[in-house]
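Participant: Quick one: structure below, then a few questions.
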Amino acid sequence: MWDFDVLVLGSGPGGQKAAIAAAKLGRRVAVVEKKHMLGGVCINTGTIPSKTLREAVLYLTGLNQRELYGASYRVKEEITVADLGMRTQHVIGREIQVIRSQLGRNHVTVLQGTGRFLDAHTIGVTGDEERKVTAERIVIATGTSPARPSSVEFDDKMIIDSDAILHLDRVPETLVVVGAGVIGIEYASMFAALGTKVTVVERRERMLEFCDLEIVEALKYHLRDLAVTFRFGESVAAVERRPRGALTVLESGKKIPADCVMYSAGRQGKTAELCLAAAGLAADDRGRIEVDENYATPVPHIYAVGDVIGFPALAATSMEQGRLAAQHACGEPVAEMQELSPIGIYTIPEISFVGKSEDELTRDKIPFEVGISRYRELARGQIIGDSYGMLKLLVSSEDRRLLGVHVFGTGATELVHIGQTVMGCGGTVDYLVNAVFNYPTLAESYKVAALDAMNKMRVIARLTAEL
Ligand SMILES: Cc1cc2nc3c(=O)[nH]c(=O)nc-3n(C[C@H](O)[C@H](O)[C@H](O)COP(=O)(O)OP(=O)(O)OC[C@H]3O[C@@H](n4cnc5c(N)ncnc54)[C@H](O)[C@@H]3O)c2cc1C
């Protein structure tokens, strides 16, 4: 009766995993994706290019080696956008091949073009040719695009968003980043590492509020050391385009000249082209679609996953949502998404955490002890020349369970998973105290931090016993 059992709109992490999961369950599956966008924002303009760019910056600037070889150490004196773009394009190309091959192996049909609802079971695909396809179940995984305030005249050269920053024709000497969210601050740190003088303008009084305050302070210290200027509690009144650069005028009257201004002002769900009303659906003013706990929209055979449904808008969560939605759509038993998801922020240095922050635990009146390990006290920290990294464990003073793990420095986004696993299995700090880790490793920081927390708890226990 239908052309396909499951049709997925968008081939980003959410769409891909939905399509593969449905195909593995023996369904006839199609993915609709725009030309040159296979793999979604994740592969083409978001996660993969930005993380590859970061790796290229770290390698070419030699930044991570300077503690060992001196402040003037660099692999290449004049780093050009071609040097950076070469690595980015290489990885994007490879990743697209991996996805194409994975979809092919699983007999998922890729329909190239822009999809829109004609009715609740019919999608019109506009591409090189126009076609109509029907499907029993539909998964919307169309993601987001950078929000562009209407008051700002974007020209994709001097006044840009986070998509256009990947296509600059030279590394700017000066850059204003408007918005200190994750994307803004990641790019600010990459360009600062390249030697660009960066000014970050943020309306709020602090940045990355969901992160551990001590770690955000450490990041700010490092970025200031790379000549980043922060303007917190400031809003942009206007950005003026001048022949030799842009002038960012703040509401406080300050003027900041720069070669380039990057707006990182949040993202908008990509739903405008979908003609949602034809399927009986609607999006909110930020283009997001409402879903229930199974990722089903108010029209039960239509699901939505990934960034288009809003928070947390991360690649890993999008993938899992896609898989779970497909299972539900195919009538399979569905496990709930695990609550314990890590957050990784690829600034220079990087940040990662899982579980609660000190602020959250204090607000909820949950007593905890802190155990800290500093990389400079680990042999591996000395070997790699990372003297600033740290790992912080938040341990329940009542039952010694791990409540949160916060990591700053080399390998933070990998290391966090040890803590996530211990927490996920209901482990206590005792496990980490007694575990033997490879030496010399950064993983050892778990044992050192656990011993630190345990020693502090022992002092409290001793004093309490004396009473
Ligand atoms: C600069 C940047 C850095 C990031 N870094 C990280 C990171 O380090 N870690 C992390 O976890 N996440 C990161 N993210 C977020 C991550 O990229 C997203 O969470 C993820 O890509 C969302 O996946 P998705 O499945 O919602 O689809 P997306 O990847 O957003 O892709 C959606 C796809 O749908 C297609 N589409 C849209 N409308 C239609 C239509 N009408 N018809 C057909 N196709 C359509 C689009 O062309 C697009 O290819 C970053 C994002 C950005 C922008």
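Each residue, glycine too, has its Cβ placed from N, Cα and C.
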Participant: Let me know which member of GLU202, GLU205, GLU251, GLU273 TrEMBL also records as binding NAD(+) at the site of GLY179, ALA180, GLY181, VAL182, ILE183, GLY184, ILE185, GLU186, GLY266.
Facilitator: GLU202
Participant: Identify, in sequence order, the residues in the chain of GLY181 (NAD(+) binding site) that are 6 or more apart from it along the sequence and have a CB within less than 8 Å of its CB; answer 'none' if there are none.
Facilitator: MET207, LEU208, SER264, GLY266
Participant: When DSSP is mapped onto helix/strand/coil, what comes out for GLU202 (NAD(+) binding site)?
Facilitator: strand
Participant: Take the Cβ of ILE185 (NAD(+) binding site) and count every other Cβ within 10 Å, whichever protein chain it belongs to.
Facilitator: 28
Participant: Relative to the Cβ position of ASP307 (FAD binding site), how many further Cβ atoms are located within 10 Å?
Facilitator: 32
Participant: Could you give me three numbers for the domain 'Pyridine nucleotide-disulphide oxidoreductase dimerisation' (342-449), the DSSP helix, strand and coil residue counts?
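Facilitator: Counting residues by DSSP class gives 40 helix, 31 strand, 37 coil.
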Participant: C-alpha of GLU202 (NAD(+) binding site) to C-alpha of LYS51 (FAD binding site): distance in Å?
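Facilitator: With the alpha carbons as reference points, the distance is 23 Å.
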